[in-house]
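To start, the structure under review is shown below, and the notes come after it.
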Amino acid sequence: MISALLAALPSAYMVSAWGGYVFLINAIAIHVFALCVLGLITPKHEVAYIVFYVIITACCINIPFLNFTPLWSSEHMASHGVFVLVIASAVARFASSLVPKDLVKDLQAWVIGLAGLLILIVLLILALTGKTAWSPRSLTLLDPTYATKYIPIVASVSEHQPPTWSTYFLDLHMIMFLAPLGLILSLQRGGGLFFVGLYGVLACYFSAVMVRLVLVLSPAASILAGIGAATLVAGVLSQCRKVYPGDSVCCPLHLDGLCSAFEQKHLYGWDYGYQVSEVGNRTVFVDNNTWNSTHIATVGLAFGSEEFQAYEIAQDLDVDYVFVVFGGMARFSSDDLNKLIWMIRIASGVFPDMQQSDYLGPKGQFTVGEGAPNALLNSLLYKLSYQHFGKATKGFDFARRTQVNAGDIVLKHFEEVFTSENWVVRIYKVRKADNRDARMLNAIESAFH
């Protein structure tokens, strides 16, 4: 009831300000009538329409230039008829509780049928006696050829002409393509959206008769386009969640596993060491702090060096695991390989033997495919990224759109322990060297005993 009151008050203001209010009250009446025909009307609908009808009719009568015209005006007959139909539906619903269940449907049909017959008789009497008649404006909307035949002065007005397709596009633009989707969804889902869909159908029809009524179509089309766009975006987001499910799930699980051994040390690219240190509570060698460029350069030196040299650096740093971000499978372009040149540049400031030019192709470009330099192909980061990659995608790197010859990569000092579902996260364990064999160890123990 409160919702009906809140809807009726601004509608009453529209009655006093705009003659097109008849479209609004008739659209609501048609909506309620459709609910009755489809058997979807509920007591809430009945109460809401009765309250709305009483308030809007009372307001119309109290507006000076309308007076009692709404009581017999043809533009208001639909709302009057639906009001009687809703009263009949409410009476039938109440009477159904007083009769046996097997007679309920027959009783409802009789009550609503008699109400419909009464409405037709009253309309016929009013039409025959001349008490009510369709205005030329209404007849023009119901019959687009009426004004051309009988009222040429009305038909000659440019804003009374039918619009062209270009008019819809210029006024509505992308809404023109999204609104049909919203219309289909509204009619399918029902409920409150059913009124939005019906509003869109009526507004579309009347706008096709007169170009001025595109103004009436605009809010309906905007709402329908919003529903269509929201559905499309929701579908896209749903698919995006399926594309990257493993990384968002596996990373926390992996970090949680690392928390069980608090003495492990990890080698990362410097720009996300801070996150790993905070989230995983792990010891890292670089953590986004730029004050110690030597540490960052050392990490860059390790990733850019050959495996054995990188292994010696890892041993000096007492590294347990090496963490690599790789986007060749998931089309993630901001991975460690694309940052390797920056690692080399930083490392060359501290270690002059490592130069950027050694990692660029013959034309000065960075490539991991044909023409890739030996320094890049033999680097630790290249091998950690592409080990076993040829088995998964036949060697095609989707991030760099390049065919990579990565079928024969064999690591001696690093062991793969984790690769996420989309290969974005790869973790390798640093194998510990056996400094003494068993025979030497036994000899030393015997000497002390």
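Here the Cβ of each residue, glycine as well, is placed from N, Cα and C on the backbone.
As recorded in TrEMBL:
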type: DOMAIN; residues: 3-225; note: domain 'Oligosaccharyl transferase STT3 N-terminal'
type: TRANSMEM; residues: 20-40; note: transmembrane segment
type: TRANSMEM; residues: 47-65; note: transmembrane segment
type: TRANSMEM; residues: 77-95; note: transmembrane segment
type: TRANSMEM; residues: 107-128; note: transmembrane segment
type: TRANSMEM; residues: 165-185; note: transmembrane segment
type: TRANSMEM; residues: 192-211; note: transmembrane segment
type: TRANSMEM; residues: 217-237; note: transmembrane segment
Request  = Six or more residues out from either end of the transmembrane segment (217-237), which same-chain residues have a Cβ under 8 Å from its Cβ atoms?
outcome  = 171-172, 174-176, 178-183, 185-186, 193, 196-197, 199-200, 203-204, 206-207
Request  = For the transmembrane segment (77-95), could you work out the same-chain residues 6 or more beyond its ends whose Cβ comes under 8 Å from its Cβ atoms?
outcome  = 25-26, 28-30, 32-33, 36, 41, 43, 45-46, 49-50, 53, 56-57, 71, 107-108, 111-112, 114-116, 118-119, 123, 126, 132
Key: Which of 20-40, 47-65, 165-185 contacts the transmembrane segment (192-211) most, counting Cβ pairs under 8 Å   = 20-40
Ask   = What mean pLDDT does the predicted model reach across the domain 'Oligosaccharyl transferase STT3 N-terminal' (3-225)?
value = 81
